[in-house]
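Working notes for the structure below.
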Amino acid sequence: MFTKQFTKYSRGFVHTLQCGFVTAHPEVKYCIVDFDPEHYNDRLFDSLAIQLPLALKQSCIKRKAEYLAVRYAAKGILSMAGCKHIPGTAMDRSPVWPVGWCGSLSHSNNSAIALIASEAIGVMPGVDLEFLRKNEILGVAGLLARDE
């Protein structure tokens with residue numbers, strides 16, 4: 001599904017950052033971030049050069065940490081593609097992509113992912129990150145794969 005180009009490990013809020021491309025569509029790039037909300041504080045927005053939206057200032061730590069992590073993933077992959085901007089936020093909380101770019105953001109269970117593509121290639125990537133428990137996976141396995 002994904003072809004990893006590099007992985008970076010560190011301590012603190014973001015402890016893993018992995019970037020690469022969608023194997024079947026190399027023109028679609030991704031960045032996955034694993035983060036630890038226990039290391040979150042509001043000063044991280046300044047140190048990572050990401051703006052904390054006014055609408056989130058009073059939000060719980062979990063929500064602010066998720067927002068920061070997914071925007072950090074988007075910033076990283078857009079930067080690698082030569083874009084120095086990060087997605088803004090629309091009134092409905094959907095991402096507003098920099099001119100010439102489209103993409104998708106998702107987060108779940110202390111992980112965040114950003115997919116991007118140039119608008120010029122004519123695709124609109126989408127992603128939904130979900131973590132399922134073993135019993136949930138076994139419950140839907142028959143819908144996804146055969147015993148063969």
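Note: Cβ is positioned from N, Cα and C throughout, glycine not excepted.
Within its own chain, R63 (CoA binding site) has L56 as residues 6 or more apart in sequence whose C-beta sits under 8 angstroms from its own. Sequence annotations record features per position, and here TrEMBL assigns CoA binding site to R63, R71, S106, H107, D128.
Of all Cβ atoms in the shown protein chains, 8 besides its own fall within 10 Å of the Cβ of D128 (CoA binding site). The Mg(2+) binding site annotation in TrEMBL covers D128, E130.
The domain '4'-phosphopantetheinyl transferase N-terminal' annotation in TrEMBL covers 56-117.
The binding-site residues under consideration are R71, H107. Their Cβ neighbour counts within 10 Å are lowest for H107. Summarised as a single figure, the pLDDT of the domain '4'-phosphopantetheinyl transferase N-terminal' (56-117) averages 96. In the structure as shown, the Cβ atom of S106 (CoA binding site) sits within 10 Å of 17 other Cβ atoms.
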